[in-house]
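Record features, source TrEMBL:
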- B:99-206: domain 'MotA/TolQ/ExbB proton channel' (DOMAIN)
- B:13-34: transmembrane segment (TRANSMEM)
- B:125-149: transmembrane segment (TRANSMEM)
- B:161-189: transmembrane segment (TRANSMEM)
Amino acid sequence: MIGQTRRYPGPGGMFLCSFLCHLAVFALILWFNQDAVFTPSEEPVTYVDLATLPVAAPQAGTPAPAESTPAPPAAPAPVPHAAMALPPSKPKTQPPVKGKTEKPSAEEGKEFSERMKDLQRKAEERQLEAAVAGLKSRGGNKTVGMPGAKGNQAGSDYGSYLQSRLKDAFRDVIALQSGTPQALVRIKVGPDGRITDYRVEKRSGDPVFDDAVSRAVTLAGRTLRPPPNGQSFERVFRFKPEGVALP
Amino acid sequence: MGMFASTGLVVKIVLIVLLYFSVVSWGIIFYKLLQVYRANGASKRFLEFFYKAKSFDAIGSQLDRFENSPLAVLFQDGYNELKKLRGKGDEKADPSVISTDLGIDNIARSLRRATTSEITRLEKYLTFLATTGATAPFIGLFGTVWGIMSAFEKIGQSGSASLAVVAPGIAEALIATAIGLVAAIPAVMGYNHFQQKIRVLISEMDSFSTEFLNIVQRNFAGR
């Protein structure tokens, strides 16, 4: 009976053939993916904290040589507040005889207005000095300026620079499984700009997140500039899904 | 591979189901390609042989050469029925003549049965291709919707809406739709292709049945 004895593989053989084809295609895709490794060009981006511009305490950096800056003008002698408020009272005199006192009174008025202007200018200078002193006292004696800076430049410190580099790297590799993991990491950068020490002070509890943090530190460490003054730098950073923060 | 490993359980099941659909669909496509291609070739050769042959007995002895042809199956069934009718007739009558007019109907019924049987054989497994083409994209879409739901849930938990957090989850979810389409597109193309080829074979079988009955009527029917 023909039709029952056909000489070609049945469906079973074809399913096996199809399965092998799928395996081959899968292997091909894997092979292509291995070759095509995506390497984005990384341009370092430094974030500048505008809140600290200009630096809070310009005197924290190395002051500029004295000869390069002109000496500030000597501060005027303090003037009592009462003196500014009212012009000096003149002794009351008897009204002079008419015809003799008209010219001297005009001269006195001009002199009086000049003195008033002088007093007002001194009062404004005093207020300005008081405001500057207030700003300086708010900064305290902390050295928050850029190490090695002249003391009169706008900029950010090395900690903020390092934070910005870590933030960039972390954005590229972030991964997490749990809700809101946080990890505290102490990073020490050597004088040559390499990360010499990296310690996790507090784990997040999410192994995927901790791994991402580790990869971010490694990635950021490739393009770091050395700390100023040839010194090493050490600081703790808080890694969160939103980014990297200074604790 | 990493993308597959990082997907959720539901998306994994969807991907495995779609992979099964794809493997079986391609298996059917390979099988049908071979079956329909050989059926077409053998039918052409059989028709040439049929019109050149001088007797049904000569054709009947050579049928093994055309085992893949549905027309050969039709001929065999019709020829067997014809032989039965000739053997059943009056012993004094001419053995080469069918004794009754009902004999033609018997042969016609036999040819119809063989045609139906061959159509069933040729169309076997094609419904799976149709099912794959119709349902695989929806199964993939289901996986994607589920994956995106999970991704958004994770985004909500993390509290971060950065691209680095949002993109991987959505990419993992979209792979289900991609695999669904990869399974469905060849299945639909294969189904349409084989339907057309089988339609041609059915019309050939109908024509052959008519021709066979005509020959029987001319040469064997009683007067």
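Any Cβ shown, glycine's included, is placed from N, Cα and C.
TrEMBL labels come from automatic prediction, so no person has curated them.
Bear in mind that the values here come from a model prediction, so they are computed numbers and not experimental data.
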For the domain 'MotA/TolQ/ExbB proton channel' (B:99-206), what's the mean pLDDT in this predicted model? 88
Positions whose Cβ lies under 8 angstroms from the transmembrane segment (B:125-149), at least six residues beyond its ends: 7-8, 10-11, 14-15, 17-18, 21-22, 24-25, 28-29, 31-32, 169-170, 172-174, 176-181, 183-185, 187-188, 190-191, 194-195, 198
What parts of the chain pack near the transmembrane segment (B:13-34), using Cβ distances under 8 Å and only residues at least 6 beyond its ends? 4, 7, 125-126, 128-129, 132, 135-136, 139-140, 142-143, 146, 175-176, 179-180, 182-183, 186-187, 190, 194
Counted with DSSP (H/G/I as helix, E/B as strand, rest coil), the domain 'MotA/TolQ/ExbB proton channel' (B:99-206) has 99 helix, 0 strand, 9 coil
